[in-house]
Structures are given as structure tokens and as C-alpha cells.
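Reviewing the structure listed below.
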């Protein structure tokens with residue numbers, strides 16, 4: 001034990017110092033570093049290739065740094081993706097907001113203002129989170145065509161909003177379950193009805209859960225491809241479809257492809273890097289863990 | 001706790017200051033009590049009802065519609081469909097493409113789920129005790145989760161380029177450069193292990209997520225439990241094997257469910273890397289082709305039904321079990 005606590009490094013939160021030798025630490029660190037390099041390979045390729053001029057984006061110089069750093073790949077990628085980026089933004093933001101609001105209301109009721117059968121309804125909601133969306137796609141498409149709603153961004157906004165309700169409900173329900181019931185009771189004794197309790201007791205403390213759901217919904221709507229190919233046409237393609245078209249075409253040089261992939265991923269990556277804590281919580285909720 | 005809303009009677013919809021007057025009422029009849037209780041929970045139901053309606057129509061209604069379609073012979077978009085029972089479901093197995101697509105999905109699932117679980121578990125284990133630079137490692141390993149499968153596919157298609165050694169690019173070029181020519185391979189275009197290679201980008205993308213799940217699980221095991229095992233003479237590895245890992249079965253189950261349900265319906269990644277090439281065909285890609293190229297709604301719906309069935313088979317028991325367990329723990 002004395003040896004282990006002497007290695008100054010093992011001061012993790014919670015005092016988990018016991019049982020680790022200095023050599024063990026070094027071995028672990030080296031293994032982690034090796035894995036980190038493997039994880040970074042694709043990111044290296046993306047950035048380095050993206051900065052190469054067209055003439056250098058060849059097989060022979062695949063892994064080398066650019067001899068001249070060039071912005072031509074980025075300019076071309078921006079040209080190819082700008083309308084998709086705008087479409088993605090106009091889909092992801094409203095659908096994130098609406099599903100978060102609905103999720104908050106549902107979560108409150110299912111955690112703190114329950115009705116008979118609430119558990120069954122909740123389970124039925126949760127199943128909606130796991131279904132393969134292929135199982136609703138053909139009818140959804142037929143319905144939207146039948147209603148004359150195909151064409152713009154509406155189908156995609158609708159789909160992301162509706163199919164985002166389950167996870168938002170789950171996140172808010174687990175979050176609200178941690179609000180002390182006595183607080184809710186106190187509001188009731190004071191004569192507050194449901195809406196008033198929700199607005200004055202629950203909503204003011206909901207900011208973290210809103211952050212988690214908004215980030216989660218934004219990310220999954222932004223990264224979606226399946227709904228997009230089934231429900232949108234060329235004028236309303238989001239960035240994932242445009243990226244796939246750029247990369248799927250044999251004539252587009254690699255520097256443009258890689259720059260396009262980075263450009264399409266930038267918004268969600270920035271959100272992740274800035275708000276990683278909330279992003280994590282959303283991931284955990286996806287595993288049904290509060 | 002679940003019965004709490006019933007206790008406070010009629011104040012649910014009252015404005016401020018109405019409650020005291022109610023307390024002075026005569027003893028209520030059972031019918032009246034039921035009514036009063038209903039007035040407590042009814043607003044809750046009303047608040048949820050828009051979502052119930054949406055989920056009802058767009059999840060369950062659409063699934064019903066899809067099943068209906070799969071049981072019909074509507075093999076062209078403008079044709080009327082007659083009920084044909086399970087004919088479509090049986091016919092799929094008699095062609096060559098469907099069993100091959102299912103086989104590909106199974107190989108992909110086994111390699112992807114196994115690989116992501118192992119790598120995620122390993123990363124969690126390495127980070128558990130805290131190590132220099134832990135936040136940097138965590139951020140890095142989890143970062144691919146923030147990116148779309150399409151973006152992942154674009155870069156991995158380049159990395160796994162099957163061009164032969166003399167004009168190799170991607171990982172093959174890297175192997176040649178380090179004189180590891182024996183590693184040069186056909187990646188996802190190889191007939192025997194192609195789908196296993198296809199699982200690599202998916203493992204890269206999801207391993208960090210599994211790491212985060214395991215890390216939270218490891219750190220949720222009380223230190224006293226570990227300490228007790230150490231006092232009993234357990235080695236550090238023994239502590240993990242006999243004390244920590246058994247506590248992590250629920251985490252493992254969640255991880256398998258998440259990876260499994262993603263894997264069975266894999267679509268984006270395959271499209272981004274292989275397009276519609278038959279060597280990497282999976283049910284979701286087949287279904288897409290049925291809708292957009294062959295234009296056979298009944299067949300597309302049949303494939304979708306199989307996908308739903310495969311996912312439901314293990315997700316439903318898991319959901320029922322989770323919600324029940326939570327209830328019994330008094331949430």
C-alpha cells in the first residue's frame with residue numbers, strides 16, 4: 001500500500017489510489033496512448049487531407065503532411081454543403097425545441113403527477129425510442145405524400161420531433177424524479193394546480209435537463225441520414241445527404257471529401273467539446289440510466 | 001410514492017385560495033371520491049395527451065399500417081393490395097439476396113457488438129482508477145459519438161480502400177510504408193471477412209460510449225466493497241473479477257441492447273462506405289432499394305417488419321424488466 005500511495009499520480013476523485021503500482025500506471029498510460037493514436041488516425045486523415053491542394057490529394061502522399069497548406073478543399077466543400085448546412089440547422093433547432101418542451105411536460109406528469117396506467121404509457125413511449133424507423137417509413141412517406149406535405153423541410157421536422165419525444169420524456173422523467181416530492185406536495189397544499197406547480201416549482205429547476213435534451217436532439221437530428229433520404233428531395237436535403245453525395249461521386253477529389261466531412265461534423269463536435277457534460281448525460285439516459 | 005397524487009384530493013385544478021373551503025365538506029360517497037381522485041390525475045393525462053396522440057399515430061399506427069402492407073400483395077405503388085397472409089414473409093427466404101443480407105447483418109452485429117463491448121470495457125478499466133490526462137482521453141474516445149455515421153463512413157472508406165499494394169491508399173498505404181505488407185488486405189470487399197471489416201468504423205464510433213457506461217458503472221461500485229475484498233486477500237484483478245464485474249451486469253445488458261438494436265438496422269454506415277454493392281448488402285439497404293428502385297411497397301414493408309421483429313424480440317423484455325425493476329425499487 002505504501003508504495004502505491006507514494007506514486008503521486010493516483011489521486012483520482014474518491015481516493016481510488018489503492019492497488020495501483022507505479023509500473024502499472026505507466027503500462028496503462030502507454031496502452032491508453034497507443035489506443036488514442038489509433039482513435040486519432042481518422043481525425044488526422046480528415047484534417048490533413050482537407051488542407052491539401054488538389055494536386056497533393058493522391059495515393060502516394062496519402063499520409064504525409066501537405067507541402068503547401070491550401071484552402072481550396074474547404075472552399076469547394078462549403079460550396080457543396082452550404083444549403084445542406086442551412087437545411088440541417090432549420091430542421092434540428094425547431095425539432096429539438098418542440099420535443100424538449102413536450103418531453104418536459106410528459107416527464108413531469110410521469111414522475112410527479114401520475115395518472116392510472118402511466119407506467120404502461122411510459123413503457124409504450126420507450127419502445128418508440130428503440131424501433132427501427134424503417135418499420136414506420138413507408139406508411140409515413142405515403143401519408144405525407146397523400147397529405148401533400150412532401151417537398152419542404154416540414155416532413156423532416158415532424159419526424160425528428162415525434163420520434164424524439166420518447167427519449168426527451170425519459171430524460172425529463174428521470175430528472176424530475178430527483179426533485180423532492182415534498183416540494184411538489186408543498187405547492188399542492190398551498191392550493192397550486194398542476195400547471196401552476198409545473199410552472200412555478202418544476203420549470204425553474206429544469207435548465208440542466210433542457211440542456212441535455214436539446215443537445216441530444218440537436219445532435220441526432222443533425223446526424224440523421226435515414227429520415228432524410230426517405231422524406232426529403234434535392235431542395236431540402238440536409239447536410240448528411242449532401243455529404244454522402246459529395247463522397248459517393250467518383251469525381252470529387254479527396255481533399256474536398258475530407259473537408260466536407262469535417263465541415264458537416266463541425267457543429268455537433270463544437271457542441272460536444274463545449275458542453276460535453278450535458279452530452280454525456282444524454283448518452284447515459286439513452287442507456288435508461290438516469 | 002406512486003400513490004401520492006391521490007392523497008391530496010381536489011386541489012389539482014383549483015386556483016389559489018380555493019383549497020381551504022373544500023376541507024370542510026361532508027363525508028364523500030365512494031363515487032364522489034373516485035371523481036375527486038380523477039380530478040387530480042386528469043390534468044396530468046391531458047398534459048400528456050398530445051404526445052400520446054403523436055406516439056399512438058406515428059409509432060403504433062404506422063407500425064400497424066406497415067404490417068398491413070407486409071401482409072398484402074401491393075407490389076406496385078399504384079396497385080390495390082389484397083390480403084395474402086404471410087406469403088411475402090416466406091417468399092423472402094426463397095430468394096438469394098435476402099438470406100445473404102441477413103447473414104451479413106449477423107456477422108456485422110457479432111463483430112461490432114463484441115468489438116465495441118471489449119474495447120469500451122478495456123478503456124473503462126484503464127481509466128477507472130484515474131490516470132494522468134484522464135479528461136483528455138475520455139473526451140477523445142467519446143468524440144466519434146458526436147459525428148454522423150456518414151462522416152465516419154467518408155473517412156473510413158478512404159482508410160479501408162482495397163486498392164492493391166502498388167497503388168495503395170489509406171491503411172494499406174500505411175502498412176506498406178512500415179513494411180507490414182502482409183497486413184495489406186481487401187477490407188470490406190473481401191468475400192470472407194468483409195462485413196467484419198465493415199464493423200471497424202462502427203466500433204471506432206461506439207467504443208467511447210461503452211467506455212463511458214462502464215466507467216460510470218465501475219465508479220458506482222462502493223469503495224468499501226473493493227476494500228473488503230482486498231482485505232480478504234483478493235488481488236486487484238480479483239477485485240474486478242469477483243466484486244466489480246458481477247455488479248455491472250445491468251450495465252452490460254444496457255450496452256448489449258443499445259449496440260444490438262443499432263447494429264441490426266445499420267444503414268447509414270453501409271451506404272457511406274459501400275453504397276448499394278451487393279457484397280455489403282444488409283436488410284436496411286435492401287429495404288431502401290425496394291422503396292426507391294424496385295418500388296415494391298409490400299416487399300419493403302415485409303423487410304421492415306422483420307427488422308422490427310428482430311429488435312422487438314429483445315428490446316421488449318428489456319423495457320418491461322427495466323420499468324418493473326425501477327418501480328420495485330420505489331422510484
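Glycine is treated like the rest: Cβ placed from N, Cα and C.
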Q: Check each of the ranges B:1-31, B:32-62 against TrEMBL and return the one annotated as region 'Disordered'.
A: B:1-31
Q: From the ranges B:82-104, B:105-127, pick the one that TrEMBL records as transmembrane segment.
A: B:105-127
Q. Looking at B:169-192, B:193-216, which one is transmembrane segment according to TrEMBL?
A. B:193-216
